[in-house]
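Structure record follows, encoded as structure tokens.
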2 protein chains.
Amino acid sequence: MKEKHGAILILSGPSGCGKSTLLKEVYKDIEDYYFSISTTTREPREGEEHGVDYLFTSKEEFEKDIENGDFLEYANVHGNYYGTSLKPVKEALNEGKLVIFDIDVQGHELVRKQLDDVVTSVFITTPNLTELENRLNSRATDSKDVIEKRIKNAKHEVEFFQDYDYFIVNDNLEEASKQLVSIANIARIKTKLFNKENIVSSWLK
Amino acid sequence: MKEKHGAILILSGPSGCGKSTLLKEVYKDIEDYYFSISTTTREPREGEEHGVDYLFTSKEEFEKDIENGDFLEYANVHGNYYGTSLKPVKEALNEGKLVIFDIDVQGHELVRKQLDDVVTSVFITTPNLTELENRLNSRATDSKDVIEKRIKNAKHEVEFFQDYDYFIVNDNLEEASKQLVSIANIARIKTKLFNKENIVSSWLK
């Protein structure tokens, strides 16, 4: 009866809320996952690598892929495209993997619409806006303009937290990691993922 | 912004699936919970204590409490009453505790109807029916008649597993405990438990 199910774990939350740091902690404690690398047309930040942080591509290539229906979701954020290719996600799901997405609220809504039953989603924030501003200013990787855009966007995104299943306030890395690991641990045992007839008939054997 | 929320965790599954053993493991790893002790009119089994395993009461007392509306849920199973008193559950929720219930599929349905937003539920089974029969026979606490009733009931209950949020196949205590602890860890960060206006306005401060 032990079936192995693929599932999707979506993380969203304002830029600067600590998603990447949290994910690094989570990867130490979970198995059999596939992190979905987004494709983007924005410039790499210092230290970012193609194929690790993002698949960096040109606006022209991105728009060609949109036309071909290659994206599970995509959006234009702060003037740049971000998107998730469908093919590797489907493959990982078929292999029974936990597919992890770091995408924004629009992306979440689009994936939910298509694949609701296999999705578990988490909204992550800093304790408050001031803390987010502090973190964005202190990491000093972005220009003032970009930081302002991120803050404006954060104010908009937080309105959507209740579209998600779970809500993590990241003010203590250890506690937040524990919560995120717990969510990852059980994303593949949601009853929605199981076929009722298969389960009942094989249980009665 | 860090609000503390009470929530309910419901465990169901056939008698003999290992719920009690699993719960003992879970209690080592979680905090701030309240185990809801059921009231029953059945006879105590060997080793069972009043106030620990159950509140044992008479049929007459139980029926008086039903009339007074004192039960959150109750049912008649195998000729005995089982029920959950409302008052201690409400108190524990107000204190921000995780209230844990070990109840059957009927009880789950009744609690869901009244308190859906605060409930996380888990269905636990043995890998299959044969394994359940083996466990019931080997624990030797029940008569043949009682075991037969439990098996008949199990066949009925398993049909309802998809009314639950999560599904645990208890064929490996360590793995099943990890899953149950994970579910308990996040039952109180479901977005449904948070008041949107409060969260958004306090985040923007």
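Using N, Cα and C of the backbone, Cβ positions are placed for all residues, glycine too.
Per TrEMBL, the features are as follows:
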DOMAIN    B:6-185  domain 'Guanylate kinase-like'
BINDING   B:G13, B:P14, B:S15, B:G16, B:C17, B:G18, B:K19, B:S20  ATP binding site
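TrEMBL feature annotations superimposed on the structure.
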{"residue": "B:G13", "record": "ATP binding site", "Cβ contacts under 8 Å, 6 or more apart": "B:K19, B:F123, B:I124, B:T125, B:E157, B:N170"}
{"residue": "B:P14", "record": "ATP binding site", "Cβ contacts under 8 Å, 6 or more apart": "B:T125, B:T126, B:L132, B:R150, B:N153, B:A154, B:E157, B:V158"}
{"residue": "B:S15", "record": "ATP binding site", "Cβ contacts under 8 Å, 6 or more apart": "B:L136, B:R150, B:N153, B:A154"}
{"residue": "B:G16", "record": "ATP binding site", "Cβ contacts under 8 Å, 6 or more apart": "B:T126, B:L132, B:R135, B:L136, B:R139, B:R150, B:A154"}
{"residue": "B:C17", "record": "ATP binding site", "Cβ contacts under 8 Å, 6 or more apart": "B:I124, B:T125, B:T126, B:L132, B:R135, B:N170"}
{"residue": "B:G18", "record": "ATP binding site", "Cβ contacts under 8 Å, 6 or more apart": "B:I124, B:T126, B:R135, B:N170, B:L173, B:A176"}
{"residue": "B:S20", "record": "ATP binding site", "Cβ contacts under 8 Å, 6 or more apart": "B:D102"}
On the three-state reduction of DSSP, what should I expect for B:S20 (ATP binding site)?
helix
On the 0 to 100 scale, where does the mean pLDDT of the domain 'Guanylate kinase-like' (B:6-185) fall?
93
Take the mean position of the Cβ atoms of B:G13, B:P14, B:S15, B:G16, B:C17, B:G18, B:K19, B:S20, the recorded ATP site. Which other residues of that chain put their Cβ within 8 Å of it?
B:I124, B:T125, B:T126, B:N170
10 Å Cβ neighbour count around B:K19 (ATP binding site)?
19
According to DSSP, does B:P14 (ATP binding site) sit in a helix, a strand, or coil?
coil
